[in-house]
Amino acid sequence: MAHTTVLSDGSQYENKNELVTTKDGNATLKARGIPFSRKISYAVGGMPYQMTANAKGFFLQIFLLDVVQMGAFYASLILFLGRAWDAITDPLVGYMVTKSGRTRIGKLIPWIVFSMPLGVLAYIMMWFTPQESMSPSSSFFWFFIWSCLFDAFMTCYHVPYSSLNMFLGGDQKDRDSATGYRMGMEVFATLAGATIQGQIVGVYHAKSAQDCSQLNYSEASLRNISSPLIQNFSSPLTDTLQNTRRAYVLAALVLGGIYFLCCVVLFLGVREQLAPLSTLDRIRMPYLAGMKMVVGHTPYVNLVFGFLFASLAFQMAQGNFALFCTHAAGLGAYFQHLVLILLTAATLSIPLWQTLLLRLGKKTTLYIGLCMYAPALVVIASIQSNLPVFIIMSIISGSSLSALYLLPWSMLPDVVDDFKVKNTTSTDLEPMFYSCYVFFNKFGGGMSVGISTLALHFAGYKPGACRQNPAVITALRVLFAPVPVVLLFIGLVLFYFYPINEERRCQIQRELQKAEKVDGFQVMEAVRL
């Protein structure tokens with residue numbers, strides 16, 4: 001049956017774990033498991049972050065360069081500084097969440113609910129071009145400000161949402177199952193987001209490629225005849241550009257609506273539950289002291305930096321995929337379809353990795369999944385205009401991507417549990433663990449897109465141009481394969497030193513069960529009194 005725990009501030013919090021008495025007369029709290037409906041509701045709540053993040057990852061660079069027609073230098077500033085700002089807000093929001101008090105609907109959920117409307121508004125405005133022609137400085141500040149606002153509001157949504165995994169109830173297997181549902185739904189969200197965004201705006205990108213092809217042919221035929229005739233061929237490009245800008249706003253409106261609906265499902269379907277050695281109370285520890293304890297935990301450092309370099313490798317390739325297909329591979333009209341194939345493969349691979357996780361362990365399964373990515377990138381970068389090969393390699397890349405989604409996030413709760421059993425007096429630091437984890441992921445993403453766009457700037461990338469010079473093509477090939485492969489190798493080395501294996505996981509669970517017995521004894525004494 002459920003019981004009520006009195007917390008340090010005198011308030012009461014309902015714990016729905018079952019209180020049972022063992023044969024020797026000791027009381028213990030037996031986890032009742034996580035209901036299927038709660039797992040699904042929790043998983044649906046993760047969709048907005050992945051939909052919007054992957055829409056930005058795949059489309060924001062080409063949107064700024066070829067649709068807004070912003071200079072590559074200004075675009076690199078927006079992508080890099082925006083990600084840097086996004087990363088900085090994560091530990092700050094994490095600390096603010098730990099310092100916040102509980103309300104009638106919980107401690108974490110209010111952050112999710114009240115940040116949602118502002119996040120939806122900022123996301124829509126981030127894809128809106130206010131004027132047909134803006135000065136470079138005005139264009140830079142418009143998109144930079146809205147990008148930073150959206151990232152801040154999404155951080156207020158995603159950090160408490162990620163921490164919510166520790167407070168769903170159940171035991172470690174239940175949390176792993178909930179993480180599997182979450183990752184499956186998030187990969188599906190990337191597929192849905194890419195489908196919506198790709199199908200709405202992809203038509204106009206394909207039309208632009210067709211217009212460019214016709215313009216190149218016309219210029220070659222009419223170069224010696226009459227320049228006004230060439231100008232007449234340029235007018236379809238202008239019309240297509242305006243339609244493309246409107247299409248990006250429409251796609252943002254659709255994704256914003258889904259963002260709202262997912263938040264409603266999460267709010268209605270999830271209630272926060274107490275976890276072992278946690279109280280969901282305000283922490284009394286100063287910010288720097290808490291951060292020092294978090295980053296000083298060795299398993300956490302190994303996991304975070306391994307995830308950083310692996311994520312950096314994936315995001316480096318992801319951020320350049322659209323430009324690579326358009327300018328280097330000659331498949332600009334097909335890149336949105338390749339993205340859908342990649343994400344479909346990622347969605348369908350989640351059950352496979354979940355099964356291998358249970359049989360082989362998390363660390364081994366992670367190695368298998370990530371090692372598939374490097375050969376696929378090398379093949380794609382080495383072949384030009386071969387659509388069947390690109391499709392096969394996209395399927396392999398998508399399967400590897402799903403391993404990156406599932407495994408590190410499934411390993412993070414083990415690290416938090418390991419910290420709690422080693423530091424029993426330092427409770428309620430879960431949001432700081434999750435916020436720092438997201439910080440390094442976003443920092444890696446900011447580094448990838450900033451370095452990529454800056455490299456294209458120095459290579460001589462021309463926004464809106466139908467043809468790019470050979471230096472740009474070479475830069476795209478290097479950024480798409482050699483650099484991510486090196487980064488992935490560094491990540492694998494760091495994962496090798498990750499110390500929590502299956503034996504240590506079982507030991508952690510035994511220690512947590514002892515802590516639950518102590519809590520159960522205290523509750524039993526309270527009931528007797």
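Every residue, even glycine, has its Cβ placed from backbone N, Cα and C.
In TrEMBL, annotation is done automatically, which means it is predicted and not curated.
Annotated features in TrEMBL:
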TRANSMEM  58-81  transmembrane segment
TRANSMEM  108-128  transmembrane segment
TRANSMEM  140-160  transmembrane segment
TRANSMEM  247-270  transmembrane segment
TRANSMEM  291-314  transmembrane segment
TRANSMEM  334-353  transmembrane segment
TRANSMEM  365-383  transmembrane segment
TRANSMEM  389-412  transmembrane segment
TRANSMEM  433-459  transmembrane segment
TRANSMEM  479-498  transmembrane segment
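Residues of the same chain lying 6 or more positions beyond the ends of the transmembrane segment (389-412) and with a Cβ under 8 Å from any Cβ of it are 176, 179-180, 182-183, 186-187, 303, 306-307, 310-311, 314, 317, 329, 331, 334, 338, 341-347, 349-350, 352-354, 357, 362-363, 365-366, 368-370, 372-373, 375-377, 379-380, 383, 433-434, 437, 498, 500. The transmembrane segment (108-128) is not in contact with the transmembrane segment (433-459), judged by fewer than 3 CB-CB distances under 8 Å for residue pairs 6 or more apart in sequence. Sequence-remote contacts of a segment are chain residues at least 6 beyond its ends whose Cβ falls under 8 Å from one of its Cβ atoms, and for the transmembrane segment (58-81) they are 127, 129, 136, 139-140, 143-144, 147, 194, 197-198, 201, 205, 208, 241, 244-245, 248, 318-323, 326, 339, 446-447, 449-454, 456-457, 461, 463-464. Annotation: stretch 479-498 has the most Cβ pairs under 8 Å to the transmembrane segment (365-383), among 140-160, 247-270, 334-353, 433-459, 479-498. When the stretches 247-270, 291-314, 334-353 are ranked by Cβ pairs under 8 Å to the transmembrane segment (479-498), first place goes to 291-314.
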